[in-house]
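Asker: Let me give you the structure first, and then I'll get to my questions.
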């Protein structure tokens, strides 16, 4: 979204079966939390995790953090019951795993009419159908599942994420075309701060709203990288001031630091300031 009322710089996965982790998450500096009932939960823990998470969301105080529940797929024995369990709950979003077509979104939309839906984009077919998926009227966000996508592609890890570039780009284009939030995939080496920072910067520069994270130790870097810097805020203010001054003199462009500033640059500048304001408001809550 161009002007989000809520930041999604850091989106932390928490296993729905881990009571201590659910409790600890109330005090973490995450913009949003994905409470995971899918990959992070063993088969024999699925029902327990669902019940525990439902009760936890009713009683725990997660503040203004967006509460996202990743349910099991509708082709599993748990998926439909997962969705039913969080209808009318305090979940802000239902995250649908392994979305390959808009039909997968509709299958969940039919079960839960009043909760926003996000799609995990993690299959090869999902990449090819990204525009169709993003166009679904109930969808408000996408999450890149880069581990599963790499598995399907049989690709190897590279710091430049060469094999994933096409998929990342297709989903980003689809999300922006339809006004969706879109969050980058995880960085697995949670002790590698330099690698995490580089991948966050790559995702930020591509245009992602934030990054999914697997460990609380990754929060600080993600929050920093996906926040406008003081220099970016200062430049945005100067661009807006210069452009408004130019308009008062009947001119359609301004010059700031030797560079032309047109209306499109002002749109970006206002987006930068809006994001900074949203982050400040979130931090003050």
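Cβ atoms are placed via backbone N, Cα and C, with glycine included.
Note that this is a predicted model, so its numbers are computed, not measured.
So Swiss-Prot lists the following for this protein:
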type	residues	note
BINDING	70, 122	substrate binding site
BINDING	122, 148	Mg(2+) binding site
Asker: Using a Cβ-Cβ cut-off under 8 angstroms and a sequence gap of six or more, which residues of the chain neighbour residue 122 (substrate binding site)?
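Answerer: The answer is 97, 98, 99, 144, 145, 146, 147, 148, 149, 152.
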Asker: Among all chains shown, work out which of the binding-site residues 70, 148 has the most CB atoms within 10 A of its CB.
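Answerer: When each Cβ's neighbours within 10 Å are tallied, 70 tops the list.
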